[in-house]
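Structure first, then comments.
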Amino acid sequence: MYLSRFLSIHALWVTVSSVMQPYPLVWGHYDVCKTQIYTEEGKVWDYMACQPESTDMTKYLKVKLDPPDITCGDPPETFCAMGNPYMCNNECDASTPELAHPPELMFDFEGRHPSTFWQSATWKEYPKPLQVNITLSWSKTIELTDNIVITFESGRPDQMILEKSLDYGRTWQPYQYYATDCLDAFHMDPKSVKDLSQHTVLEIICTEEYSTGYMTNSKIIHFEIKDRFAFFAGPWLRNMASLYGQLDTTKKLRDFFTVTDLRIRLLRPAVGEIFVDELHLARYFYAISDIKVHGRCKCNLHATVCVYDNSKLTCECEHNTTGPDCGKCKKNYQGRPWSPGSYLPIPKGTANTCIPSISSIGTNVCDNELLHCQNGGTCHNNVRCLCPAAYTGILCEKLRCEEAGSCGSDSGQGAPSRGSSALLLPLAALLGTAGPLAI
């Protein structure tokens, strides 16, 4: 009776657990690059695709404003209150910490009230456009994993473009247009991400959802990364296997979420009405209290750690790869062309490990990782292969009778073609065909 009761409770728990975690094994976290496993040949490394965890990437960026003197406070000036555009006795003064609004306040951890924010000069030179470029640079390729969120303390701009660069700011492409009137501002019909599909997920759209004037609770602008992921992974992002498969096989899709720099182009401040009030130009300016950018270092699925040292992000590469993005094979590990890791098959992926070059074979001819003794040979102290009586060579790849010239039909050992044992078999071993690469 007790056993049956226990089994019933256990079955119930399994059922509840399966409901709470509908896809526990297929997500593929890729947080380990290799692990040791036991085989008939002993303990060997099992390699798998791996990547750093997603994190707040604003901790590592550099920000640049253009024009560089666009921040308010030098010289001091007054501006109108956020909630009351006709109360214009607030002051911005760069020389007074309590009244200064420098760019770094877009990324600080706000621990006091009122919230801290960057603010531009007011539109005192109207009708000349009040335009600002805010460039966020990482000096490193990163992959975006969550929505980009910009929180304004002023009204959200009437016109704005979010742009990306994949070549460290040399060239730029639009990510999304924002406007109160998309057709008038950018000659584009308004759309939202919900209007897209799997086939149009890379379309650059103009949205009017976020570009309103002075309205309470209307401070945030999104670039919707997760909504685009949802076209492949489902609305709750539970089918990550599908998303990873698409990212793995569609380079344009992976590149879409990859950046080295972002640029926020503020083209027209929130006006709130059809005409600009030229008598109260201190009403018009930009103010941003927070920018959120979540992502991970791009390491081509060859690293789980990205270190920040001397103001620079670098992948701690594994799989015998090297470079800022683990984008090439290490010296003496170029036995086959470099390749990025693969998310497939879920959940461990494929490491595509770099393997030793033939010219790099030295005293350490076997290591139970990449170089495997052939024909029943065993690796001794990671130094040499102990071969069966009938075989010899660095990796036990040659018939002993061949060296003695005694291989023949009466010996029961067929002689391989000349050169094949000395060249082709070691090459096969290095390329992983003579033993599992444990990928």
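Each position is counted from 1, following the chain as shown.
Even glycines carry a Cβ here, placed using N, Cα and C.
Taken from TrEMBL, the feature signal peptide covers 1-28.
Annotation comment: TrEMBL describes 46-296 as domain 'Laminin N-terminal'. Across all of the domain 'Laminin N-terminal' (46-296), the predicted model scores a mean pLDDT of 91.
Taken from TrEMBL, the feature domain 'EGF-like' covers 362-397.
What TrEMBL lists as disulfide bond is CYS387-CYS396. Neighbour density for CYS387 (disulfide bond): within 10 A of its CB lie 21 other CB atoms from the protein chains shown.
Sequence-distant contacts (6 or more apart, same chain, Cβ under 8 Å) of CYS396 (disulfide bond) comprise CYS373, GLN374, ASN375, GLY376, GLY377, CYS385, CYS387, PRO388.
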